[in-house]
């Protein structure tokens, strides 16, 4: 009998794609998930004899070996699935054979080469069948990344767009983001990110063998999304100067960033800030099959010395002293959570894990963060891997402001144990709503349980019991002071103060506010009020001073007074950053030595609306109308709309906007032709050299073609 050979392979991409939830990947090769069988049909040179044997070989990575679990050799069997790779005959018709192949739920993920050996009466035929890609499988109960809820799998694995929350605690704004994990080349780029890592460059065989473990994979990608150590994807920039690159606020999604990294031969893409790093990390992990979401923390601590405190130093006008202040409190910070088991810690710590690709501090010599179990953070188990102290401080640190005197002494003028870690937010499953998940990270502020957890974290970090909220703090110059009573309430204040916004703060308009002071005593008091204001980045780093004035105020018994404040547009327009944020401070000096510091964050408003004029259907053009308003009291030209949306546009659109008169409202129409059904996010930005980008998005519900 003549030898047998394979003449053709049908990878059954449609059938396998539907079964594995991978039909959206546009790759030429098959994409499947581990721990689940997939089928392929072989056309043979003749009918297969019952005594003839099919032996399959799977290989991934360089120097693949069975010892490293990067190679598997197995033959068809009627037995039940074992722990390794298996193959079974599904159907046979003359010269056609359909086989079912299955990987173990702990298989290494990545690109595989599949080969077959047909043995017949001492005759052998070998053939490479081709390559396929194996991903993590949140649908497989035995996979470490298993997620039980189908609604959550749809949101956190398959949704290719989302919302990132930015702003300040009392003014949270939603920004659309195009994850685009199913766009052209994105899967290949995500696999390239793993292959470009230092671990792979140094020892590729060992690195690939570790890719069965989501803990390892997410930690590698957390480092590779930033460029600080490894020519990773995105280069950070927080100074407001973006020459030679793209402003972080100009990005509308991850696809353009990842494609630019590939086309630039892996040169870091300029520039990113926290939400950009988080958006890209979310794309990569969803693409590889790990359920991932973007999380925003408002009043987020950056505790450089891990003493669970943010110490801010100010002068007599309340201005931050940059040379003394090493810690910081960002208006918001954005990171990721991914869902998987912690085999290294135990089942109590399974579930959501914090990952942060923003390069803030080094972890084991590399700029990365996590995975840190959210449960471990809530319970104060900061000693557990990875980077628990840093994440715990981001949501739980104490906040103290010190007045720095000319004689280099300092005086505490403000302290708050509840200021850090507010309104921790993520997008709701299946809707655009904001969900507050603060209770996943910590017990209610001020509760007995919260105090116990804080004390536990201090003990884990410093090996001492905390009798109060605070154990030690860093002095300027690096010396430390042990204090258990540092955050005990100060003496009862004799005055109170707050800023009141008199008119909505609109971009392009003068700002009108008042400082409201109240005498809380039955005696008259004199107060010197030093006012300052500055444009700031979202990290609260000052950019330029726009207000500096002093007032002498006499307050009668129980009297209240207002100090009116006006900041003209001409004062701030040249120095306003794309964050559109201003910080006001009032240092109130009472005659008898008491100090009161009052601060106010202001975010300037803008306007854009987007309407889809009719039903949207795959393959049918539909008109979109965008209405914008020139926020300035001057004529502007050279404006454009930048439009992006996965499944709605093949590439970014740039649409010129006619010259806008002062505060003019104008509408622009354009057509889109959807290529995919379901809810799709269309992002539209008004871009101008005269003012920061004005961003908007709308969800377009696309019907299937009739």
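Every residue, even glycine, has its Cβ placed from backbone N, Cα and C.
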Residue in 396, 459 which Swiss-Prot records at the Ca(2+) 3 site where 417, 445, 450 also bind: 396
Identity of the Ca(2+) 2-site residue among 315, 323, 327 (reference: 303, 305, 307, 309, source: Swiss-Prot): 327
Cα-Cα distance linking residue 356 (active site) and residue 333 (active site), given in Å to the nearest integer: 10
DSSP three-state assignment for residue 305 (Ca(2+) 2 binding site): coil
Which of 226, 307, 396, 417, the listed binding-site residues, has fewest other Cβ atoms within 10 Å: 417
Candidate with sparsest Cβ neighbourhood (10 Å radius) among 228, 309, the listed binding-site residues: 228
Between residue 417 (Ca(2+) 3 binding site) and residue 303 (Ca(2+) 2 binding site), the C-alpha gap once rounded to whole angstrom: 14
Around the Cβ of residue 305 (Ca(2+) 2 binding site), the count of other Cβ atoms that are within 10 Å: 14
Residues near residue 327 (Ca(2+) 2 binding site) in space but at least six apart in sequence (CB under 8 A): 301, 302, 303, 304, 305, 309, 310, 311, 312
Long-range Cβ environment of residue 356 (active site), under 8 Å and at least 6 residues apart: 222, 277, 278, 335, 336, 368, 369, 370, 391
